[in-house]
Amino acid sequence: MKIILADSAGFCFGVKRATNLAFDAAEQFEHICSLGPIIHSPQVVKKLEEKGIKVIRKVEDIDHGAVIIRSHGITAEELDIIHDRELKIVDATCPFVKKAQDYATMLCNEGYSVVLVGEKDHPEVQGIISYTRGGEVFVVADCKEAQRLPNRPKLGIVAQTTQSFKNLQQIADICLGKSKEVRIFNTICDATSVRQNEARKIACEADLMLVVGGFNSANTTRLAQICQEIQPRTFHVETVEQIQDGWFEGVECVGITAGASTPRWIIDQVVERVSDMSK
């Protein structure tokens with residue numbers, strides 16, 4: 001059985017940076033926590049907890065020590081509280097996420113209504129909205145929602161960093177019919193685009209696709225959706241234990257990709273498991 005492993009599988013720059021900062025901070029500070037999970041990988045979060053980094057869900061529950069700002073960023077209101085309490089900050093926000101925050105803020109300051117392409121309940125999206133400080137922001141997940149947008153004199157478009165370029169492009173096309181003036185900032189992470197394009201190519205060749213990563217990871221879920229559109233025999237797994245032998249009946253070529261927050265050791269376990277089945 002042939003195995004095609006995506007070159008782009010695993011940690012992206014932002015996740016690698018965030019985890020390195022977190023492990024270094026664990027050595028530096030006696031009392032340290034992260035506001036929400038640093039990345040969307042339960043396995044990595046568990047390893048960080050073993051190093052003494054507790055995940056705290058509410059900023060109000062942090063009254064001393066150091067706090068790590070997760071890779072997805074936090075809200076402006078949460079950051080205000082952290083500053084007010086004079087907590088030490090380890091900022092692990094992905095630079096691409098910060099760029100999306102800055103563009104959304106700039107657009108609102110210049111009088112644009114912002115169309116944010118993304119998932120309304122995702123922490124990254126909630127963070128981006130908050131930095132506009134009450135500006136008009138419409139969160140749209142797909143073309144259907146974009147069709148319902150009201151007309152506005154000026155529209156500015158930004159995207160959650162893990163969105164597909166195709167989705168951004170289609171929504172932008174609809175927005176062109178909603179306003180006389182439209183500004184578009186492609187805030188999709190470069191690594192996301194590379195990963196998605198590579199997944200498409202592999203899915204065209206493979207008889208079965210395995211997409212490895214946290215079930216709570218937006219970019220991994222999107223990878224699975226992209227692969228599923230091309231290769232219906234696509235399975236999203238978080239760990240090697242979830243792989244079932246019955247999936248591989250009649251399969252000659254297996255494609256494997258992984259989300260941006262999937263550690264290498266989990267990918268290696270999946271590759272080893274599939275290799276063992278072909279012996």
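Keep in mind that glycine also has a Cβ here, set from the backbone N, Cα and C atoms.
Swiss-Prot lists H72, H122, S217, N219, S261 as isopentenyl diphosphate-binding residues, and of the candidates H40, H236 the one it assigns to that same site is H40. Among C94, C108, the residue that Swiss-Prot places alongside C12, C189 at the [4Fe-4S] cluster binding site is C94. With respect to their backbone Cα atoms, C189 ([4Fe-4S] cluster binding site) and T161 ((2E)-4-hydroxy-3-methylbut-2-enyl diphosphate binding site) stand 5 Å from each other.
Counting only same-chain residues six or more apart in sequence, the Cβ atoms lying under 8 angstroms from the Cβ of N219 (isopentenyl diphosphate binding site) belong to T162, T192, R195, G213, G259, A260, S261. Listed in chain order, the residues near the (2E)-4-hydroxy-3-methylbut-2-enyl diphosphate site other than H40, H72, H122, T161, S217, N219, S261 are I39, S71, E124, T162, A218, T220, G259, A260, each with its Cβ within 8 Å of the site Cβ centroid. Proximity of E124 (active site, proton donor) to non-local residues of its own chain (separation of 6 or more, Cβ distance below 8 Å) is seen for H72, G73, V97, A100, G118, Q160, T161, T162, A218, given in sequence order.
Here the binding-site residues are T161, S217, S261; the one with the fewest Cβ atoms within 10 Å of its Cβ is S217.
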